[in-house]
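If you look up TrEMBL, you'll see 37-285 marked as domain 'G-protein coupled receptors family 1 profile'. Marked as transmembrane segment by TrEMBL: 22-44, 56-74, 94-115, 136-159, 199-221, 233-256, 268-287.
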Amino acid sequence: NNTLLTEFVLSGLSSRPELQHLLFFTICLVYSMTLVGNLLICAVTAHPTLHTPMYFFLRVLSFLDISTASVVVPKMLVNILSEDRSISYLGCVTQLYCVVFLAATEWLLLAAMACDRYVAVCHPLRYAATMSPRACLCLVLLSCCGGKVVSVVQTAWVFTLSLCGPRRINYFFCDIPPLLLLSCADTARYERQLLSATVLVIFTPFCLILLSYACIISSILRLSSAESRHKTFSTCSSHLTVVTLYCASGTLIYLQPKSSNSQDTKKILALIYTTVIPTLNPLIYSLRNKEVKEVLIRVM
């Protein structure tokens, strides 16, 4: 039991043989939609008529969605049809680091997008000066730096714990909750640290987003034109939908990291934020945005 682990075995989404091919084709289809949808968003938002901060952030969000899905899904697809579901120790470290980095960066970017919408709606005359290209780039870099700090700390904490077995991970990728179940040491201190990190990384930006939207809704209600109210609310509701999905799935996974009774539930939630949400983002932002749809039709 005290032998150090050199590799892990991922159990995958399901152990039932009759579901493997169905899972493979379903996830392969969803992943293809993620790539096509987000690449289209990247191409469309690069159009000269959409050179505004909102579409710059949307382009970065699409890139992060592609990266998140690509870190998890290809390995998962290989494991579904392969008898060898092992992943090396270094591969597990790398996958965990990338997943945490991309998730934290995307969450901080959503907070930056909320600030952008707040300035656009509540202070439209100062919008061009406040949200300059340099300011937008700084917000993206700050999001990346914040994501990097979180991922380095969390990955280092997990892999300094004594992981003595079993080497089978009841998950479809290397994540913090299933790895904690392999530890033979007391993880109470780490769980408190993870709870603090979850509150800091998820709830602090979430409170900022809620405050921004409280001000935005107040400004929307003061608009005299019904068409202007509908357009502004439509743009903001798209962003709020994505924020709600991320917040719900993230908090339910990481608030109780070592709860073995809910591993199947956590698998579903993890599948949502690594596979489903990256597919939904292009649909949410494009189908509800008239400007994006018009440029998309012209480009195609």
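Keep in mind that glycine also has a Cβ here, set from the backbone N, Cα and C atoms.
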I need to check the long-range neighbours of the transmembrane segment (136-159): which residues 6 or more away from its ends have a CB within less than 8 Å of a CB in the stretch?
53, 56-57, 60, 93, 96-98, 100-106, 108-109, 111-112, 115-116, 176, 179-180, 190, 193-194, 197, 201
When the pLDDT values for the domain 'G-protein coupled receptors family 1 profile' (37-285) are averaged, what is the result?
84
Do the transmembrane segment (199-221) and the transmembrane segment (94-115) come close, with at least three CB pairs under 8 A (pairs 6 or more apart in sequence)?
yes
Out of 22-44, 94-115, 268-287, which stretch touches the transmembrane segment (56-74) the most, going by CB pairs under 8 Å?
94-115
